[in-house]
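First up is the structure itself, then whatever we jot down about it.
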Amino acid sequence: MNKNALANLVYILKGRGLISDTIHSSVEEQVARFLYVVGHNLRNRKVKFQFRQSGETVSRQFNHVLKAIISLEDLFLKQPDGKECPAEIKNNSKCYPYFKYEDDQEDSTVNDKKNLKWSDEMDRFLVDCLMEQKLKGQKIGDVFTSTAYKAAATSVSSKFHFFCDSGLVKNRVKTLKKHLASVKDILQNGSGFGFNYSTKMIEAEAGVWDAYLEAKPAASNFRYTPIPNYENLNEFFGKDRATGS
């Protein structure tokens, strides 16, 4: 793990109140020690000798950090929802007959729309598709044509193996613009904020965040959450984000 990744992890753990400094160990030390033990598969007796701490202290801090990191699963892990089928199965006629996908596709459209969760990878791919359509002249002013939305939906469906239509693409574009607007409002209108391009997070002193969130509590979603696609979204939607088109 490089320094930026470690700093990012510590920042999130601290910010969410999952780990705090002790009399003898800072959060940075506790996390670094945990990673060292896991990375080298060390035993308690060796660690306590190396760091000159009791076995009880080593074990307690290790388990504390472990539980804290596991609690971040909602931030870093995308759990399967049963709505999608792996390509290796779907593309194998022995495992997943073609006619089943075709028959179920229309019936599942409504549920897919309600339960679909867009990942960062899907967002990047969607933006790339729309950029391609823009270069083909399928964006007039700040508005994409119906052809652009349909083409993007077809590409997303093929890439990620679920049924996507123009309506889903339009709704996702509106959501991305809304998120971008919130981020830019924080960075441009909030004093003391900056975007860390290494950690992909909005950063500011704790007091600055607290004061801002008193006025705009909805912005709390961006305090400890990385925004990996910010640069691409800002480049692509930055000028027309207010239109919702």
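For all residues, glycine too, the Cβ spot is worked out from N, Cα and C.
Here TrEMBL flags 1-70 as domain 'DUF8040'.
The domain 'Myb/SANT-like' feature in TrEMBL is assigned to 117-212.
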Legend entry - Secondary structure content of the domain 'DUF8040' (1-70), with strand meaning DSSP E or B: 51 helix, 0 strand, 19 coil
Inset, instruction - On the DSSP side of things, how many residues of the domain 'Myb/SANT-like' (117-212) fall into helix, strand and coil, could you say? - result: 62 helix, 10 strand, 24 coil
